[in-house]
Amino acid sequence: MRSGVIAQKLGMTRVYNDAGEHVPVTVLRMENCHVVAQRTVEKNGYTAVQLGVGVAKVKNTSKAMRGHFAKAEVEPKAKLAEFRVSPDNLLEVGVEITAEHFVAGQKVDVTGTSIGKGFAGVMKRHNFGGHRASHGNSITHRSHGSTGQRQDPGKVFKGKKMAGHMGQTRVTTQNIEVVSTDSDRGLILVRGAVPGSKGAWILVRDAVKASLPENAPKPAGLRAGAKAEAAATEGAE
């Protein structure tokens, strides 16, 4: 199990494939994605890596977090997240993960906080059909109707679909296809929409319901590894 990455949602656009078909994509940007800390079985009881992305002002960073980043020899980060990994995919502290961590055609799971819609009625929140527009209807056009039953059971069951706060929840969209990556600019283009507003931090992981492509880098797509491969290619030429 490899580590995921933290990316920032820039927005949506479209690209064209080899067949000339237009594909809607969401652009995710990775900015200075470094390994900040490790979690090991001996010390923590499980194996994981803590990643940090972005840049935070030193004056806005607490003294404890300054020491945490200094220990890893990385600049203060705007966002931290932890990813469980297998022991053979544990990464060293301080290394940078690039967009080449994913390959075109790979399936990924994307996690983000959905856009908040405020207090919404059942027609918007749960796609209810509503009531009649006329013919005896009295100000219940968009109402949900009955909520309970009779004396037995004499209550409203938990989970009843009703009006309430919509959005602003943690959402994971599974099996999204990676269309392409741009390591130089740190961009990942995925097919379709992902949860979250523009500028939101998104967690991208290998899909749990799809196999990992054979050409996916292990333990991760690292910045130093990319440079080494480029140097080796130039030397061979």
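Using N, Cα and C of the backbone, Cβ positions are placed for all residues, glycine too.
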Listed range which Swiss-Prot flags as region 'Disordered', given the options 38-62, 163-187, 213-237: 213-237
Structural state census, the compositional bias 'Polar residues' (135-150) (DSSP three-state): 0 helix, 1 strand, 15 coil
Number of Cβ atoms other than its own within 10 Å, given for GLN151 (N5-methylglutamine): 5
